[in-house]
Structures are given as C-alpha cells and as structure tokens.
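Notes follow once the structure below has been shown.
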Amino acid sequence: MNGPEDLPESYDYDLIIIGGGSGGLAAAKEAAQYGKKVMVLDFVTPTPLGTRWGLGGTCVNVGCIPKKLMHQAALLGQALQDSRNYGWKVEETVKHDWDRMIEAVQNHIGSLNWGYRVALREKKVVYENAYGQFIGPHRIKATNNKGKEKIYSAERFLIATGERPRYLGIPGDKEYCISSDDLFSLPYCPGKTLIVGASYVALECAGFLAGIGLDVTVMVRSILLRGFDQDMANKIGEHMEEHGIKFIRQFVPIKVEQIEAGTPGRLRVVAQSTNSEEIIEGEYNTVLLAIGRDACTRKIGLETVGVKINEKTGKIPVTDEEQTNVPYIYAIGDILEDKVELTPVAIQAGRLLAQRLYAGSTVKCDYENVPTTVFTPLEYGACGLSEEKAVEKFGEENIEVYHSYFWPLEWTIPSRDNNKCYAKIICNTKDNERVVGFHVLGPNAGEVTQGFAAALKCGLTKKQLDSTIGIHPVCAEVFTTLSVTKRSGASILQAGCUG
C-alpha cells in the first residue's frame, strides 16, 4: 500500500489509537473535535490471577485514582486518632472494613469507565474492546475477547499502550503473588503483607496498607525510589519505619510457596541476600510485587511495520513531536524512551499531538520540570532536578541548597511527627539563584507543589521567593522563609509550627 498522501480516501479511519488509557483517550477526543474519523482499540490482558478492568487505562483503574482513594482511607484513620486530642470522643477500637472500601473505590472507578464510554460516543469516536496488532503498512488487526478478528486501515496510528507490572521470574511468583493490578479490586483483606520493590508504587501501597492497620514489610534490593532525590527518599523510608513498616534491605525473593490456600492464604517466601550467600524465610498472607513495569510494545506487530524499539526496555524512541521512525505512526505516554511516566504528561502529549496533526498547531509537549507527587504516608512533592542531578548538571560548587524542617500546625496538638516534614530548594548560583529543584515532604504535598511548578516554569529565583509574603499558618509558607543552606551545616530543627 502507498503512503498516506497518495490514497487519503482509501483508509477506514484518519486515526486509529491503540490503547484506551489517559493519553489515548485525550488524543482521540481532541482529534474528533476537528472532524476526524477516529477509532480507539483498548484491550486489557487479564493478570495471572485473572483481574481485568474497563476503559480508561492504568491511572483510572489500577493506578492514581484507586491509590489516592486508599491513601485517603489511611489518612482518615490517622485523623480519627488525632481527633481525640481535639476533643472528639472516638471509640477506642476503631476498625477498618476492607470490603466496604473496595466496593466504594470500584463503584467510583465504574462510574469513570462509563463516563469515558459516553464521552467517546458523544464525540463520535468509534471504540472497540479489542486487541490491536499491526499486520502491514497502514493496516491493523483487531481481535476481541471471543477471538473474532477484523482488519482496519488508517492514515495515521497512535500507540498508547502503556505498561504492566513486571514479575520476578521465580518459582511461585505468577501463581501466588499479586501486583498493583490486582490489589485495588482484591475481594478480601490482604492481611500480613510483603511488598517486594522500592518503587513509588511499592512505598505508596505499603503506606496505605499499614495505614489501615495491616502488618506490612517491604523487601528492597538496593535503594528506595530510584530516580528520585535520595535525600528525600531516605527521609520517606525513615518515617515509614518509625510508623511500624518493616524493611528488609538488600534481599531478593528466590521462591514463593503456598503453605495454605485461602482468602488470604499463607505463603512462604525464600529470599537471598544481594551481597552474600545468606538465605532468609518469612511467612505472609499476601505478597505484592512492585519491582517495576514493562512497556506493552512487544506483541502489537511493531516489527511488521518496522517501528524501532529499545530491545532491552521495549520503549519506543520518538522525535520531539512524538513521531516514531515510521512517519505515519506516533507514540505517547509511558512507552516512550527517556520520558516521564505520568498520566498528565500522556494527556498533554496526546492533546498537543492531535492539535499539531489536525489544527495547524506547532506547540510541543514540554517534558522538562514536570511536577509529581509520591503519596506515601508523608507525601513527597517534587519539581525540577534532584540534588544528585543538579550536582551532575551544574557542579557542586555552582548550586546552593536551602532547606528546613517544618511542623504543620494541625500536628502540634496531637504532638506527632515534629521535624519530619521537610522543605528543600536547589538553586543555580551561576544563574541568579534560579530555582532548579523543588522538594517538599509533608501533608498535601501535591497541592503545595502544583503552584510552585508554574513558578519554576516562569524562571523562579530565590530572591523572588524571599520577597513573596507567606500565607500563615500553612505548610507552604516555609518556602518564603528558607535561609539555612546545606553547605553551612547549621541546624534546621524546628521548635514549633512557626519556626
């Protein structure tokens, strides 16, 4: 078949999108606005335990949305404890009901799935619950869950297939372990849980499971939160340990065995040290794997049409306009090589791509200074460079790190967690002390970080922060009064909420 410019009227669709997650749906709705004929193919391959879900991708079904709701469940448990100090008479034995939480979370997700279906229908986007595979230039095969196949053609294609959790490849992992894909709809309380991994998924799940009263252990191969600021990562780990989450460091599981079937059952985990011959064993009700995620790019026929991928990671290299090496095929989201794996990034990239393709826009997605939040018990918000990356980029002598602990006023009456919340900015002294890294550990870190992210985009400097009057008494005001540098070695401990 010839190129898209030769036979425009011969295609079934202007754009076929493989993947109905946040990025794919954003691109579909945007393209449809410009009168284009668009199809979305979305298919969820069940997990080894058989878990599947509806339209909307990872974020809505098994990611950000259920994760934040369960984090909120844990925060409410803490709020109940705090409330006694504020005069509320709360029963001593407050219990958490797993089934009720799961039902509420799944009902909300179901309403979102339905909302996406309706939105596509209203915009006249054709949606098929089918697995898409390239079978030749401009052609794709769609296979539904009954095995029925259809062939479609399109002028352009967008790959937005996302990622799925990785397994260990050891005896018993797929038979007996769960992943985050299973956790948010788990029909029984997981009980005593081992979480394997040190990713943000691992630590967030550990945090909210412990927060609702479960016995939680995290098994870590090396460092926490690889790729994030390690100063912040270590503070998160310390706080979690102080709040009863156990860490087994420098061990990896080599075998998982079932001792007793049930919901939950009992499992034996055998693990080996990463730096010696030492072997340890432990018994748990549930083992949750959170060791990373792999791009869903290897079984969609990319080799048939010549799309290059990184053979090691499965990631797709693209131009700054999200174009693959095959001109009529584009890619967005978590499957891109060397790009940030976050829902809002995929949404932005999808919308802007459709605007460039169909509305004459030239605006490209900006992958720099993307804000993010890790919803651990002590939330971590970040924007810009980690301290390690700033040193690597500018040299240690050319950066100044301002930092301070702070104590949220609301925590002073329950008298908890003083000198645990932490604020840090990293400035480039060769560029007017421009803020190149923003980091905050504390309640509502995402809400705090979002506004500062806009300021960083505008070229925020330390002088501008200093001349900004803070709102009192809130956590974010600490950023208007940062005066102690790391280099000075001076104390940053706080005696009260107002420093």
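Glycine residues also receive a Cβ, built from the backbone N, Cα and C atoms like all the rest.
Positions annotated as active site, proton acceptor by Swiss-Prot: H472.
For Y131 (phosphotyrosine), applying a Cβ distance below 8 Å and a minimum sequence separation of six or more within one chain yields L41, F43, T45, A142, T143, N144. Annotated FAD binding site per Swiss-Prot: 22-23, 42-43, 58-59, 63-67, 131-132, T161, Y200, D334, 341-343, H472, in sequence order, evidence recorded as similarity to another entry.
Marked as NADP(+) binding site by Swiss-Prot: R166, 198-204, 221-222, 226-228, 292-293, K315, E341. For L203 (NADP(+) binding site), the same-chain residues lying six or more positions away in sequence with a CB closer than 8 A to its CB are V218, L224, L225, I236, G237, M240, V374, T376.
Annotation note: C64 (disulfide bond) sits in a helical segment as assigned by DSSP. According to Swiss-Prot, the feature disulfide bond maps to C59-C64, an assignment based on similarity to another entry.
Around K68 (N6-succinyllysine), a 10 Å sphere centred on its CB holds 16 further CB atoms from the protein chains shown. Swiss-Prot lists K68 with the feature N6-succinyllysine, giving similarity to another entry as the kind of evidence.
For Y131, the entry in Swiss-Prot reads phosphotyrosine, with the evidence type similarity to another entry.
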C-alpha of C64 (disulfide bond) to C-alpha of F228 (NADP(+) binding site): distance in Å? 18
Tell me, by DSSP, whether S22 (FAD binding site) is helix, strand or coil? helix
Tell me, which recorded positions from C59, R166, Y200, S222, F228 are within 10 Å of P66 (FAD binding site) if we use the C-alpha atoms? C59
Reported as an integer number of Å, what is the Cα distance between C59 (disulfide bond) and D334 (FAD binding site)? 11
Taking every protein chain in this structure into account, which of the disulfide-bonded residues C59, C64 has the most other Cβ atoms within 10 Å of its Cβ? C59
For K315 (NADP(+) binding site) and D334 (FAD binding site), the CA-to-CA distance in whole Å is 8
Of the recorded positions listed here (G63, G132, H472), which is spatially closest to Y200 (NADP(+) binding site) when Cα positions are compared? G63
How big is the gap, in Å, between the Cα of S22 (FAD binding site) and that of K68 (N6-succinyllysine), rounded to a whole number? 16
